[in-house]
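Worksheet for the structure shown next.
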2 protein chains.
Amino acid sequence: MSVQTILLDFSVDPARLGDECGQRAVFDQLETVLKDYIPNLVLSADVKIDGGSLKLLVGKKGTSVSTRLFDQGLVTVNIEYYKEENEAPLMDYKSAQVLENQLKKYLSVTKSQSYIPLKRCLFGRYYPSSDNRLLEYDIDEVLFDEQSPFQRVQVVHSKSLGNMLVLDDLQNIAEADLIYTETLMGRGVENYEGKEIIILGGGDGALLYELLKEKPKYVWMLEIDELVMKVSNKYLSTICGDVLEKRKGKNYEIIVEDCMLTLNKFMKEGRKLDYIFGDLTDIPISESACGELWEFMITILESAFKILKPSGKFMTHANGANCPESLKMYEEELLKLKPPVKFTKSKAFVPSFLEEWWFYQISFNTTDLGDA
Amino acid sequence: MSVQTILLDFSVDPARLGDECGQRAVFDQLETVLKDYIPNLVLSADVKIDGGSLKLLVGKKGTSVSTRLFDQGLVTVNIEYYKEENEAPLMDYKSAQVLENQLKKYLSVTKSQSYIPLKRCLFGRYYPSSDNRLLEYDIDEVLFDEQSPFQRVQVVHSKSLGNMLVLDDLQNIAEADLIYTETLMGRGVENYEGKEIIILGGGDGALLYELLKEKPKYVWMLEIDELVMKVSNKYLSTICGDVLEKRKGKNYEIIVEDCMLTLNKFMKEGRKLDYIFGDLTDIPISESACGELWEFMITILESAFKILKPSGKFMTHANGANCPESLKMYEEELLKLKPPVKFTKSKAFVPSFLEEWWFYQISFNTTDLGDA
């Protein structure tokens with residue numbers, strides 16, 4: 001079962017909506033056409049609103065039609081009704097377009113637009129891009145949905161992406177996302193053979209699984225959320241193999257705790273690593289580089305560089321290519337780090353994000369060190 | 001200027017919406033929380049609807065809030081207001097999520113969801129996928145919008161895709177879509193050197209431009225819509241070069257007319273070609289393989305095979321990978337063709353479609369011919 005919401009937008013000469021008489025004329029035209037498409041439509045409310053007016057019509061099977069006129073010459077029509085899963089829609093995209101074209105002619109509008117009907121109350125079809133655009137995914141099943149002590153953990157199935165892990169309502173990784181892991185680790189560029197590596201986060205197991213194929217000396221994965229690993233092991237085994245099932249092998253182990261504990265322990269022991277992966281939260285999108293998330297990220301970076309070998313690298317995903325401000329802020333923060341660091345970056349289109357994503361490879365700026 | 005529409009969905013135990021008293025209780029809870037987020041909210045209409053009820057609240061700056069309760073336990077909240085381009089939003093996605101979480105707690109709902117605010121009346125941001133999903137693009141400018149005698153022709157600018165040609169409200173090709181053209185022509189697989197080729201349609205010029213790089217003997221491009229070529233020449237020159245500007249060169253020409261005229265002329269002349277490209281409409285999505293569009297497509301195919309050499313190929317784009325029924329119907333139609341044909345297919349993720357697309361390479365089934 002779902003609620004279907006069909007939206008139509010129009011723009012008309014604002015002069016036509018200038019007074020009540022003009023508004024009534026436009027509304028009458030709207031109503032005349034709408035009545036042809038939605039049976040038994042009757043006016044249920046007529047409200048004068050600051051900056052315009054709103055009329056509510058109600059028709060067959062409880063279909064509500066809200067029509068709003070804005071003084072600036074904009075008109076919105078919202079049609080909403082309940083639909084059982086196997087019931088034919090009262091109005092699909094094709095008929096919404098026919099209605100749009102009919103209204104376009106009848107109202108002599110300057111611009112018009114109809115939207116693909118929104119399938120509401122299905123919970124799990126709509127996700128944001130990094131720059132806050134609305135994207136409808138081809139989700140046909142919600143496989144898992146529970147709150148862990150740390151976050152909301154969901155697994156949904158997408159027709160094109162396979163199973164997809166969703167953390168706090170954000171698409172995280174899908175079975176189709178090998179390119180994400182390979183770009184994060186710089187496969188073919190970096191050499192992991194015989195290397196000691198830490199993964200901060202990485203609860204979906206995909207990075208650990210791919211790194212182990214490159215014959216590292218040892219990998220520690222530090223993940224705080226047991227539930228993420230449990231469901232990834234169950235639903236994402238095509239991308240994480242058996243590493244979450246086994247938790248420990250001859251050259252790896254997963255430590256389930258706050259990653260700062262192990263980082264601090266390694267620091268005290270004077271241990272030095274070849275690679276540290278930041279596979280935690282994305283870099284934040286905010287007006288300035290402050291707040292809890294930025295502080296957390298900078299703390300992690302500072303700690304990581306205390307236990308990296310001089311030749312070591314910190315590898316991390318950053319944010320969408322459509323968020324240049326956020327990426328610039330991140331780079332500015334990197335350049336403030338002591339000791340100084342330098343970075344390279346790489347970009348890939350990530351299937352489950354439906355957008356290009358930037359990844360950073362950060363290392364000690366030895367040129368600067370030499371100068372000091 | 002735009003109209004912002006913020007949508008929130010909730011599901012609650014249906015028993016709570018079973019009678020007027022229960023509905024009033026849920027509505028009162030909704031109203032209490034909403035009043036904290038939208039100042040000066042007052043009830044403007046209260047309508048009993050078949051299968052539920054609807055209350056309309058109006059608040060600050062003409063913000064309307066439509067709350068609808070469905071007997072099945074679903075609750076929808078639609079918030080709508082006018083926003084000037086540089087004005088801060090009354091409610092962004094973050095605050096919609098905060099409101100969602102507040103309502104979630106207060107209403108003790110079982111599921112909830114907030115949507116990225118819809119930016120309405122901007123005309124040109126929202127496009128459908130092949131399987132009718134709603135996709136918001138990063139469009140920051142509408143560069144061109146006119147009706148030709150054949151279709152609505154638009155060019156919009158996307159931050160990630162560059163300029164994008166839109167025909168009849170469907171995304172057609174963008175500057176980032178080289179992969180589309182290369183998969184359509186099977187670059188690296190097919191050899192076009194010294195070959196005679198027809199392009200049916202292809203008004204954006206990208207296919208002609210890429211084919212000419214492969215040193216064909218001659219290419220005829222048959223495009224009916226002058227306006228598409230005019231705007232593609234102006235806005236898509238990175239992917240079509242100067243072929244639409246010149247219209248004719250030593251080994252190509254563009255003929256502006258119904259492609260059937262030239263096909264019939266070549267047929268009468270007994271001319272035989274190496275390749276024919278179908279770069280016209282997508283294969284239709286319908287219940288069965290009938291109707292005007294299917295007939296048109298089959299007529300084109302039949303005519304094409306009358307002027308192809310025995311070794312010739314018909315190359316075409318088909319539809320999204322998420323439309324297997326439509327692709328299956330197409331293949332069934334292919335297998336009905338006389339003389340019999342065989343086909344191979346290839347797939348690519350097309351940036352401007354935000355989905356995977358199938359392409360077909362169709363040739364005479366000489367095995368069958370041998371049997372006859």
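Placed from the backbone N, Cα and C atoms, the Cβ positions cover glycine too.
The active site, proton acceptor feature in TrEMBL is assigned to B:D279. DSSP assigns B:D279 (active site, proton acceptor) to a strand segment in the three-state reduction. Neighbour count (other Cβ atoms within 10 Å of the Cβ, all protein chains): 23 for B:D279 (active site, proton acceptor).
Residues or ranges marked as domain 'PABS' by TrEMBL: B:120-365.
Summarised as a single figure, the pLDDT of the domain 'PABS' (B:120-365) averages 94.
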